[in-house]
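K.L.:
So that we are looking at the same thing, I have put the structure below in structure tokens.
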Amino acid sequence: MTHLKITGMTCDSCAAHVKEALEKVPGVQSALVSYPKGTAQLAIVPGTSPDALTAAVAGLGYKATLADAPLADNRVGLLDKVRGWMAAAEKHSGNEPPVQVAVIGSGGAAMAAALKAVEQGAQVTLIERGTIGGTCVNVGCVPSKIMIRAAHIAHLRRESPFDGGIAATVPTIDRSKLLAQQQARVDELRHAKYEGILGGNPAITVVHGEARFKDDQSLTVRLNEGGERVVMFDRCLVATGASPAVPPIPGLKESPYWTSTEALASDTIPERLAVIGSSVVALELAQAFARLGSKVTVLARNTLFFREDPAIGEAVTAAFRAEGIEVLEHTQASQVAHMDGEFVLTTTHGELRADKLLVATGRTPNTRSLALDAAGVTVNAQGAIVIDQGMRTSNPNIYAAGDCTDQPQFVYVAAAAGTRAAINMTGGDAALDLTAMPAVVFTDPQVATVGYSEAEAHHDGIETDSRTLTLDNVPRALANFDTRGFIKLVIEEGSHRLIGVQAVAPEAGELIQTAALAIRNRMTVQELADQLFPYLTMVEGLKLAAQTFNKDVKQLSCCAG
């Protein structure tokens, strides 16, 4: 039995809410909470995270500590927090009041901004209309990668390069159990990394409701519990994220189609799945469902990855088709009908029938309900907030970061933008440089890019040279018996400086950050080739690709330097 001490409860209803929150924590079998005693008794499975327990309570606005936690450890943790708060307060010594920062949203950009603003001495009011944590942890990056990993394991059990010595088998898929495992990890991370952190910081006030601008110095918040509240601010960050876009296809809105949110929450695997779209989300989920047992058809308006180097789309299309995924290029749905539990899609290549329909054609910024015009904030034609490198909007008091802006829609970009916005909102000067921004698509093989493609460089007037190394020249790929894909390096003609890398490989995401650092540090291709790379790693492919500018790597020994 695990015991918690809980402070802040004021009634038996508080205790009931705490009990409900604790019993949602993965690993908690039961909870007995007493308001008069200020305690909770928990039956938990071994390995249950103590941080998740305390975070669940903190998320409700109360404080929880393990009753049997070592006093010294508690003191150290408390002292560390006090030192942090005092250091922030020192930034605003004297009579100068702290900057009042309002943050709309609670995802990656919002959290990063709130925490950095507090470090800078600000008082933060964070406003969230839905579930704390935003898209990434709740319905995006985290659950999708868990599902993709499970699908990868199922695929390897069914088929691998080592089937000659390791007998293949058809796995039994229990989607409901996979979903429970997936959701447990999502809940754990949300408690530990969002709710608990917010609840444990006295400089952050969380308001649950929907915000809209009253003017350029205040917000009106329609509270989830009823009523309204006005929040005044010196600076405001809009970090409201984005939602799945829905194309105007006749009959679509009247049908029970899936977006990525519903697909990730489904406890069944459809026999037939049609996917409209060739976005990152569309392709990642298409392959995951196929590997878990669905017969998948992808409808791509153009080709896969048509904005990238053509070789990328060709490689992924070939990999999908090899797994039995049907890819219909240059195909659009002109009509959607749902009859007798079946979707019927009218397309430019005939009729398509499916049990479920996933629509993943991009994401739309969540800005329409904010009354941005009342604050003089400019948006583009898509509704995205227009910002500069400092995350400043057209209103000097209002900043924006993340998917609600015209920045690339990646959570790590959002978090970096949120941090820099907070610095600028509290009197600093920080800019976000995206010239060496790595991007990864978690298909198999993965797609990873950074910097210029050749076409992009030529568009900007840069003369280039390039080399493409197929993976049958990379020892790690040969040892894996999986040589699908390539690594392409793009250099600036004359200076020979590396300016872009595109990779399609089973672990391309693990090598692209090295390429990003090389570009960021303005390395030449020869300097990259001269570096030491561990033998039999996929990232060694970068060195080999760099060597191809001056020699034939097929004529080198295995680990020639």
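Please read every residue number as a count from 1 along the shown chain.
Any Cβ shown, glycine's included, is placed from N, Cα and C.
Keep in mind that this is a model prediction, so the values were computed, not measured.
According to Swiss-Prot, the record shows the following:
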- C11, C14: metal cation binding site (BINDING)
- A110, G130, T135, K145, A211, D403, V411: FAD binding site (BINDING)
- C558, C559: Hg(2+) binding site (BINDING)
- C136-C141: disulfide bond (DISULFID)
- 2-65: domain 'HMA' (DOMAIN)
K.L.:
Around T135 (FAD binding site), how many other CB atoms lie within 10 A of its CB?
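P.N.:
Cβ-Cβ neighbours of T135 (FAD binding site) within 10 Å number 26.
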K.L.:
Taking the domain 'HMA' (2-65) alone, what is its mean pLDDT?
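P.N.:
Per the prediction, mean pLDDT sits at 83 for the domain 'HMA' (2-65).
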K.L.:
Over the residue list A110, G130, T135, K145, A211, D403, V411, recorded for FAD, what is the maximum interresidue Cα distance in Å?
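P.N.:
Farthest Cα pair among residues binding FAD: 31 Å.
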K.L.:
Looking at the recorded positions listed here (C14, C136, C141, C558, C559), whose Cα lies nearest to that of D403 (FAD binding site)?
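P.N.:
Smallest Cα separation from D403 (FAD binding site) among C14, C136, C141, C558, C559: C136.
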K.L.:
State the Cα to Cα distance, in Å, between T135 (FAD binding site) and C141 (disulfide bond), rounded to an integer.
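P.N.:
One finds 8 Å between the Cα atoms of these residues.
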K.L.:
According to DSSP, which kind of secondary structure is V411 (FAD binding site) found in, if we only use helix, strand and coil?
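P.N.:
It is helical.
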K.L.:
State the Cα to Cα distance, in Å, between K145 (FAD binding site) and C559 (Hg(2+) binding site), rounded to an integer.
P.N.:
33
K.L.:
Count the residues of the domain 'HMA' (2-65) that DSSP assigns to helix (H, G, I), to strand (E, B) and to coil, and report the three numbers in that order.
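P.N.:
The breakdown for the domain 'HMA' (2-65) reads 21 helix, 22 strand, 21 coil.
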K.L.:
Could you work out which of the recorded positions (C14, A110, C141, C558) has its C-beta surrounded by the smallest number of other C-beta atoms within 10 A?
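P.N.:
So among C14, A110, C141, C558, the recorded positions given, the one with the fewest Cβ atoms within 10 Å is C558.
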K.L.:
So for D403 (FAD binding site), how many other CB atoms are inside 10 Å of its CB?
P.N.:
29
K.L.:
Within 10 Å of the Cβ of K145 (FAD binding site), how many other Cβ atoms are there?
P.N.:
14
K.L.:
To which of the recorded positions C136, C559 does the lowest count of other Cβ atoms within 10 Å belong?
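P.N.:
Minimum Cβ neighbour count within 10 Å, taken over the recorded positions C136, C559, occurs at C559.
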